[in-house]
Structure formats: structure tokens, C-alpha cells
Amino acid sequence: MVTYVDDATAPLKNTGQIRLYDRAGFDAMHRAGRLAAACLDELADLIHPGIPTDEIDRFVFEFGEAHGALPATLGYRGYTKSTCTSINHVVCHGIPNDKPLREGDILNVDVTYILDGWYGDSSRMYYVGEVKRAAERLVEVTYESLMRGIAVVKPGATTGDIGHAIQSFAEAERCSVVRDFCGHGVGRLFHDTPNILHYGNPGEGVELKPGMIFTIEPMINLGKPHVKVLADGWTAVTRDRSLSAQFEHTVGVTETGCEIFTLSPRGYTCPPYPAGA
Ligand code: MF3
Ligand code: CO
Ligand code: CO
């Protein structure tokens, strides 16, 4: 049985209670979320065949620094980079390195900034040059899965409704939903209660209430859903080496639906993003 607590009166740690934020919290989350989204917008200009993911990592750090924000992943549980860069069959938590991106790769970049103590968490897919139709289809299905999950967010709905909306769509498209990672409460903490599963049944899970803030971040595979984590302790890959894609938004529940804190200032949704915008 889950209980809810006012962010204003709760200790700044995960107590297992669900924090409910006020309008000032939502406004602060719009600022943090918009900064992560603005960074993801700018990365569309940088990502090309031949650039190493370390260059993306450096951009994420410096863009944050220029706007008074710190990447939340830096030093998080021993992680030493400013972003995660997950290529092709990497499901999530890919570590930036000096290897050049190659024509035809699909890439997820996941950025979380801490701005004035608030966490804005978002990720998007990018195409490196021209990609194969199967890869493009996976990316489109994954984006649509996220947006169908967001579309059911309103008071009285449950986390199971979100998972069901995502799973039923992705599986009807002959794709699979990764079970080993989930969305999460976020706000003044990086990973908070509740977990947001990307699969499930209508009416199950936790009831959504106005003031809740969480991420939805489905990882969708072209093959089987199973993953394994490499020896570096972070990089999660599909066991069958099939392609995987992910999009992530941070949202807040309102009286009538939700607000998305991480919408693109440039209006980008799913790749390909306009060239030289
Ligand atoms: N931003 C990721 C998320 O969506 C978390 C990355 S944690 C890291 O929750 F340590 F792997 F960077
Ligand atoms: Co997240
Ligand atoms: Co993220």
C-alpha cells in the first residue's frame, strides 16, 4: 500500500512515499526539463558519422556548465560520465568513449541535468547518417510507445495503465518491451518512488494523483526483450543482439492530464531531425 506526501514537508530522500509537488515545483521542473531538452536539440547538429561519443559527453557537460546545471550522472553510483550514449543493440547506460559513430548507427543520448536542485531527465534517438528501414521502424514504434504511455496519464489512472498502453502498442508492432529497467519518480531526487513499468495491466500498480512527477522511458527491442549487462557494470545490451531504442520524457500529473517538462524547444519529436536547423 503506497502513501503520498507533500514534497514541502518530506525529508530529501526516498522514503517509499510518493512525493506530490506544488506549482512552484512544476515551474522549477519546466526549467530543468527544458534545459535537458535544449541540449538534446543542439546534439542533433553535432551527431554525424565519425564523431566519437566522448564528444557528445563533453558537449553535455559544457552546455550544462554554461547554463548553471550539473549532469546528474556524473559521480552517480560510480558512473563517471555526463551522459549515456547507447548505440544499436545497447539498450541503455552505454558509456561514452573515443570510438567514432558509424553511418547507419542508431543512437540514444540520455541527459539529466540538476538545475537549482531539480532533476530534468530526457532521452532521444538519433540517426547517424542514413539508417536501414528496420531501424527506422523500431525508432518510430518506440517514440509512439512513449507518447501512448503519456497520453493515459491523468488522476485516477494507474501506473499499470501506462505500462499497458506501451506494451500493447509495441507488441502489436512485433517489437518487445525491456522488463529490466523502468521509469521512476523524479523531481528533487534522481530516482524516486514509484517505479514506472513499461508493461502491465490496466488498473494495476499505483494510482496517479495531481502533483506526481515521474519519467516514462520505454526501451523497445526488435527481437526478444532479454538483456545482459556487460563487464563494465553499466552497458546493457540485448541478449540476442537485436536493435534496441528508447525515448524518455519527464512528466507531471495535473488535475486533468499531465505536463511534459522535457518538450523540445525546437519542436523535435522523432528523427530524422531537420538538417542545419
Ligand atoms: N538518465 C538515466 C535514467 O533515465 C539514468 C542514468 S544513470 C547512469 O534514469 F548512471 F547510468 F548514468
Ligand atoms: Co530516467
Ligand atoms: Co534518463
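Using N, Cα and C of the backbone, Cβ positions are placed for all residues, glycine too.
Marked as domain 'Peptidase M24' by TrEMBL: 28-255.
Secondary structure at His191 (substrate binding site), as computed by DSSP, is coil. For His191 (substrate binding site), the same-chain residues 6+ apart in sequence whose C-beta sits under 8 angstroms from its C-beta are Asn14, His184, Gly185. What TrEMBL records for His93, His191 is substrate binding site.
All chains included, 23 other C-beta atoms sit within 10 angstroms of the C-beta of Asp110 (divalent metal cation 1 binding site). Asp110 (divalent metal cation 1 binding site) carries a strand DSSP state (E or B). Annotation comment: TrEMBL describes Asp110, Asp121, Glu248 as divalent metal cation 1 binding site.
Residues or ranges marked as divalent metal cation 2 binding site in TrEMBL: Asp121, His184, Glu217, Glu248. If you take the C-beta of Glu217 (divalent metal cation 2 binding site) and look for same-chain residues 6 or more apart in sequence within under 8 angstroms, you find Asp121, Ser123, Leu146, Phe181, Cys182, Gly183, Ile196, His198, Gln246, Phe247, Glu248, His249. According to its DSSP assignment, Glu217 (divalent metal cation 2 binding site) is coil.
Rounded to a whole value, the Cα-Cα separation of Asp110 (divalent metal cation 1 binding site) and His93 (substrate binding site) is 8 Å. Close contacts with ligand 3, defined as a Cβ under 6 Å from any of its atoms, occur at Asp110, Asp121, Glu248 among the binding-site residues His93, Asp110, Asp121, His191, Glu248. Least crowded of the binding-site residues (Asp121, Glu248), judged by neighbouring Cβ atoms within 10 Å of its own Cβ: Glu248. Long-range Cβ neighbours of His93 (substrate binding site) (same chain, at least 6 residues apart, Cβ-Cβ under 8 Å): Cys84, Ser86, Val229, Trp234, Thr235, Ala236. DSSP gives His93 (substrate binding site) a coil state; it is part of no helix or strand.
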